[in-house]
């Protein structure tokens, strides 16, 4: 028995597979349909255009009630969506409008923090001035912001013109990075130091001196004024990528980047290996180099590319033999990257803090230790003391006069109360840090800049009744013991076995701010901490 199959199911024609528009399913074919034996030819089908479909959808949507879109940022264009956008500002890391407020959290050295609302383009100098006013601190050019990454043990002082919001935008999300508000006495020390102390002759390439006929001092002065960029060279210990071994190489810092020679001190391009780009990176100080990175010395620094957000991979680690070499390399990196802008920041700082309020020209030269002279005011007119022995004798006489004045002050009707008040007056001073360790005092001074004359006073851990004066000189921290002594019922303090005695620590500090005494330099800057 044969079963008859309908030609509709056996045909391979496209017309049989696709029903005509408007024909319901199950409708038999028309009477004028060709037989199965005839050759069927394809016919054009009506395909609705996209515009027609959009119009039909609009008509259907207008007939339905409007439902609010719960995710408008997903439906907005990529240039306006904070999720679909490609830039950092579009991803929500920074507000798109520079005039919009931006909240930053700033920490102090004692661990306290404070949230400050500033404009998105606020610079580090503007934020510092705001924090100085709110903390009622003494305004000077030494305040600064420091970018800290505790996980990586990296620190970097922000320049005055840098935007704080842009710096925070490059941080990893959910990390422990922070901004710290503290003193930075070494920020512009490169413009105050002599050329030989900043960059020794062995660190500056001699080819530029021979080509221009300029002296070493002129080359460094042009370098500081961003007039020229000499080649900085010297030995550095660096660690290879993914390796734990440190090797000593001769490195060159140029405008094009940092290089090291694979063959001694050769400058042949065949022997130079590219390390990092200065303009696309930031240089940081490594605080725990031995513990975290296995550095052979404590004087390490790191070059971190701007595109690197987190992790140790991609960091270029270096270390020097001493603190002076590290300071020279850090200063060279800053000058190569920021150039004339760094010098402008320094000039603006001088105009802000040295010009008188009524206006006028700044002083022709800054007051330093070299411009201070000993004076004799015993007669009717002042006289400059040129003899060093006579100057030392005048300093000792001044110390004796201070002691007599203090003895007269203490000879009041209540000497016991006056003595106790004089003995505890140092606790109200910003340079007194209480009972901190020797290592902590060195860390505080190192963080605020290893400049000559930076000091603090702390309680001695070995001698319960004594104190210690920690002083920075030639980028090294030295400690001087202050011992108390009692004579005729009165308490005195001395650092030279009683040769020069003071009734309290405040008198001792004020005396050595004007006279060196047994110290290698004057007490110029006090290491202080401010709570926000």
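Cβ coordinates come from backbone N, Cα and C, glycine included.
Here Swiss-Prot flags 1-24, 76-89 as compositional bias 'Low complexity'. Feature annotation from Swiss-Prot assigns domain 'Ras-associating' to 100-186. Per Swiss-Prot, phosphotyrosine is recorded for 188, and the stated evidence type is similarity to another entry. Marked as domain 'PH' by Swiss-Prot on the basis of sequence analysis: 229-338. Residues or ranges marked as site 'Important for lipid binding and for stimulation of cell migration' by Swiss-Prot on the basis of similarity to another entry: 239. Under the heading phosphoserine, Swiss-Prot lists 361, citing similarity to another entry as support. Annotation comment: Swiss-Prot describes 431-527 as domain 'SH2'. The site 'Important for dimerization and for HRAS activation' annotation in Swiss-Prot covers 511.
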In all the protein chains shown, the tally of other Cβ atoms within 10 Å of the Cβ of residue 511 (site 'Important for dimerization and for HRAS activation') is 17
Average the per-residue pLDDT over the domain 'Ras-associating' (100-186) and send me the rounded value. 91
Based on DSSP, name the secondary structure state of residue 511 (site 'Important for dimerization and for HRAS activation'): helix, strand or coil. helix
Taking DSSP H, G, I as helix and E, B as strand, the domain 'PH' (229-338) contains 24 helix, 43 strand, 43 coil
